[in-house]
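Enquirer: Let me begin by handing over the structure; questions about it come next.
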């Protein structure tokens, strides 16, 4: 911890995911930022916390220690597929009620926990969404087969709590859907969604931090399946995005109330987009590699900027420079499906490959010259300040 502390910032996560890449990277970045900015920092695991109401006031203990000075900002990373309102959200509500600024806030996390809840929030705001049906109760899947037929086959079927492309099916017809009803697990309801054929096996992952698009990645399936998730073997490459696509991603993040959000956009033949999903606990191992970014560092800078002193750190101020320059230097995404796929086959490699591998180095050298290395840009700016 550094001296002359000017603020207090915590990193709160769950024991089940704290050793995963995003959490380890965010922890690294927050420690570095807090030392650089002379901030008081603490990393906390959810199950170490005891919430109290004593003499009519909210309180907090961590591993038996009574906490007397609370953080001004808490960076939250919880496993959204398993978030429970009676435990995880209770902890986040407690901190929020005590005056802590959470990123993301509990309501924003809830808006993204359930895929249909996400669509409920976005509906009525002019956001392009695939037609989608769902139901109440856990045993009504079979009853929905006739109701959802108006969406036409093939149709997309998803568990509302699924993640990383799991529990997602493309139902060919009613018979196939009936067969699925006997095989699926019913812990959470499913949704039935209109199939966007032209985006089969392809989507655009957009990461938004603090209302700014920090990067975009085109993801493509390598085995013909509908899902393009890198965790399922898909490949990704940095891409530019049209202004319409960027504004759509920002609009979605704003409506959902997220500080950090991963938004997946489906592509149509006319170059427009519709929203597939939003993730408040977005992973970025593939994103960092494909886009040559340090997303954790951007998150840490934004967290520091939320402290009462109101400092906008240098990295966050440079994001607008990068965004503006990339708009003038990069070709926009939005060509017909075949063109994007051809580009992918010529320029991408598996994002799960060794970062030092020849294939990935070749991929990076083939990227358009106008694409930016955020870390290099920052290093150059800092060098100018020192000199």
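Backbone N, Cα and C atoms are what each Cβ position is placed from, and that goes for glycine too.
For 264, 277, the entry in Swiss-Prot reads Mg(2+) 1 binding site, with the evidence type sequence analysis. Per Swiss-Prot, the feature Mn(2+) 1 binding site maps to 264, 277. The region 'Disordered' annotation in Swiss-Prot covers 325-361. Taken from Swiss-Prot, the feature compositional bias 'Low complexity' covers 337-352.
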Enquirer: For residue 277 (Mg(2+) 1 binding site), which residues in the same chain are close in space, meaning a Cβ under 8 Å from its Cβ, but six or more apart along the sequence?
Expert: 115, 118, 263, 264
Enquirer: Would you identify the secondary structure of residue 264 (Mg(2+) 1 binding site) according to DSSP, in three states?
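Expert: Strand, per DSSP.
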Enquirer: For residue 277 (Mg(2+) 1 binding site), what is the secondary structure state per DSSP, taken as helix, strand or coil?
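Expert: Looking at the DSSP assignment, residue 277 (Mg(2+) 1 binding site) belongs to a strand.
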